[in-house]
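**Q** I have a structure here, written as structure tokens, and I will follow up with some questions on it.
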Amino acid sequence: MAEEVLLAEDGKCVGSLTKSLLAVAFLSSFGSSMLYGYNLAVVNSPAEYIKAFYNQTMIARNGTGLDDKKLTLFYSATVSVFAIGGMVGSLMVGILVTRFGRKGTLVRITCLVFIAGAFMGFSRTFGSPEMIIVGRFITGVHSGISLSVVPMYLGEIAPKNLRGFLGLVPSIFICLGVFIAQILGLHELLGKEEHWPLFLSLVVIPTMFQLMLLPWFPESPRYLLIEKRNVHATITALKWYRSKVNIQAEIEEMQEEQRSMSSVQTVSVIGLLKDRSVRWQVITIVVVNIGMQLSGIDAIWFYTNTIFENAGIPVPQIQYTTVGTGAIEVIAGCVGCFTIERLGRRPLMIGGFTFMGICCAGITLSLMFQSHYISVACVVGIIAGFCIGPAGVPFLITAELFKQSHRPAAYTVAGCLNWLSNFTIGFVFPFLQMSAGAYCYLVFFGVCMAVAAYVFFIVPETKNKTFVEISQMFAARNGMLEEESSELGVAKNLKLAKMNGYGAVDLEYEVMEKKK
């Protein structure tokens with residue numbers, strides 16, 4: 001597992017991208033994050049077939065079918081229950097990652113996907129629409145957990161100079177999941193009536209690969225050292241992910257973070273909200289995660305087909321146009337992933353939200369002046385702007401803004417708000433559109449510009465910074481400068497001596513534990 005060691009300008013060792021880091025990023029994203037994107041889009045193509053199945057089942061049971069309102073309500077429940085499951089899953093994140101670890105949680109929750117796949121795949125065989133709804137709820141729970149745990153895991157195993165790159169890999173796979181669902185939903189592939197149960201249950205295939213391979217990779221070194229105090233396991237994990245040369249320096253940085261924390265115990269959500277030392281970090285994740293969903297991206301995805309139809313695109317060709325937007329999502333996600341370590345987090349967030357806001361205003365103007373081609377361009381612009389930054393950076397900075405003890409609770413708060421906002425916009429937008437008409441997109445314009453302004457004035461750049469350094473940047477704003485500096489001063493005096501060999505690291509750590 002040896003790797004080339006790169007030197008930063010300040011002379012400190014920084015990690016290079018190893019095969020192990022890349023493999024874990026791809027495995028965890030492929031088997032977890034991609035399923036979120038897939039499940040967002042998978043119900044669009046077979047919608048009419050699923051509704052027909054619901055109606056036929058009710059005729060067989062009761063002798064009469066469902067009227068349009070009840071059928072729409074039944075199908076809406078099928079779609080929206082995914083978000084409800086996601087919110088439930090997000091509330092479980094803190095408990096799971098503290099008890100089982102980051103990788104351990106991802107491995108254990110794979111059982112949810114197999115159960116959900118079985119429910120949805122055999123729903124037609126058993127003539128049970130309820131099995132589809134239950135299956136969608138279970139996949140939502142899985143996505144609610146994995147959407148937080150994957151970026152948390154990758155953020156903790158990555159060296160600081162690669163944290164942004166690895167942290168945005170899941171967002172690429174989310175876009176890829178949407179794209180794959182759009183392709184497979186084409187009439188030439190699985191977009192036929194007889195194939196929809198298979199189409200819904202294909203989620204088990206990526207999860208199977210993850211279950212077979214991910215257990216062979218180590219747990220997060222930070223979790224092992226700071227929470228479990230297992231030095232030997234930490235060294236083994238770092239030897240897997242890093243070179244031998246820079247392991248000791250990274251353990252020192254982890255212990256510096258540990259010493260700077262008032263408690264190694266994981267903080268609860270209530271404790272997080274009451275802790276004034278992280279007040280502005282909490283406000284930041286609230287703003288960016290709510291803004292991510294209230295930016296209008298979900299409304300745009302939902303009404304893309306209508307906008308394309310109004311632009312004069314023939315109905316049979318709209319499915320191919322939609323696939324084109326999926327390809328744009330993947331490309332935009334890759335652009336964000338490969339530029340974040342050069343540009344930083346702030347430019348991607350500010351630029352992404354600002355561009356989305358301009359395009360939302362453009363949709364309003366195009367609808368007012370009946371310029372449908374501008375509407376199409378603005379839809380593409382919103383999707384591209386979202387996938388470049390706002391789609392993935394909020395999850396990344398949720399890991400970066402908090403220390404080990406506060407991170408699980410922070411992801412619980414961020415995930416819950418994200419899913420709650422997702423669910424809310426799905427219900428509110430139709431009524432907003434009916435009442436405000438073309439002007440409804442100006443609401444999203446305001447949200448996007450407000451979030452961009454908040455990031456510009458409040459959020460510091462976290463690129464290539466340790467978690468302790470990021471905490472220091474917020475200390476003055478939180479009114480905790482003296483306390484933070486005092487704690488960090490103690491931490492620096494307790495650094496490990498730089499000795500040769502892994503045994504020296506272990507011995508020095510044990511000596512310090514005896515002195516406590």
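Even glycines carry a Cβ here, placed using N, Cα and C.
TrEMBL annotations: computationally assigned, not manually curated.
Per TrEMBL, the feature domain 'Major facilitator superfamily (MFS) profile' maps to 25-463. The transmembrane segment annotation in TrEMBL covers 21-38, 73-97, 109-127, 133-153, 165-184, 196-217, 282-303, 318-340, 347-367, 373-397, 409-432, 438-459.
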**Q** As a test: from 196-217, 373-397, 438-459, pick the stretch that has the greatest number of Cβ pairs under 8 Å with the transmembrane segment (21-38).
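**A** Answer is 196-217, with the largest number of Cβ pairs below 8 Å.
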**Q** Given the transmembrane segment (409-432), which of the listed stretches 109-127, 133-153, 282-303, 438-459 has the most Cβ pairs that are under 8 Å apart from it?
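**A** The listed stretch sharing the most Cβ pairs with the transmembrane segment (409-432) is 282-303.
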**Q** Grab the same-chain neighbours of the transmembrane segment (438-459) for me: Cβ-Cβ under 8 Å, and only residues 6 or more beyond its ends, written as numbers and ranges.
**A** 280, 283-284, 287-288, 291, 294-296, 299, 345-346, 349-350, 353-354, 356-358, 360-361, 363-364, 367-368, 390, 397, 429, 432, 477
**Q** Pairs of Cβ atoms less than 8 Å apart decide it: which stretch in 196-217, 282-303, 373-397 has the most with the transmembrane segment (109-127)?
**A** 196-217
**Q** May I ask for the residues of the chain that lie six or more residues beyond the transmembrane segment (165-184) and have a Cβ under 8 Å from a Cβ within it?
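**A** Cβ under 8 Å, 6 or more out: 17, 21, 25-26, 28-30, 32-42, 44-45, 147, 150-151, 154-155, 157-158, 190-191, 199, 202, 319, 322-323, 326-327, 329-330, 332-334, 336-338, 340-341, 387, 391-393, 395-396, 399.
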**Q** For the domain 'Major facilitator superfamily (MFS) profile' (25-463), would you mind checking the mean pLDDT of the predicted model?
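**A** Looking only at the domain 'Major facilitator superfamily (MFS) profile' (25-463), pLDDT averages out to 87.
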**Q** Considering only the recorded stretches 73-97, 196-217, 282-303, state which has the highest number of Cβ pairs under 8 Å to the transmembrane segment (133-153).
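**A** Comparing 73-97, 196-217, 282-303 against the transmembrane segment (133-153), the winner is 73-97.
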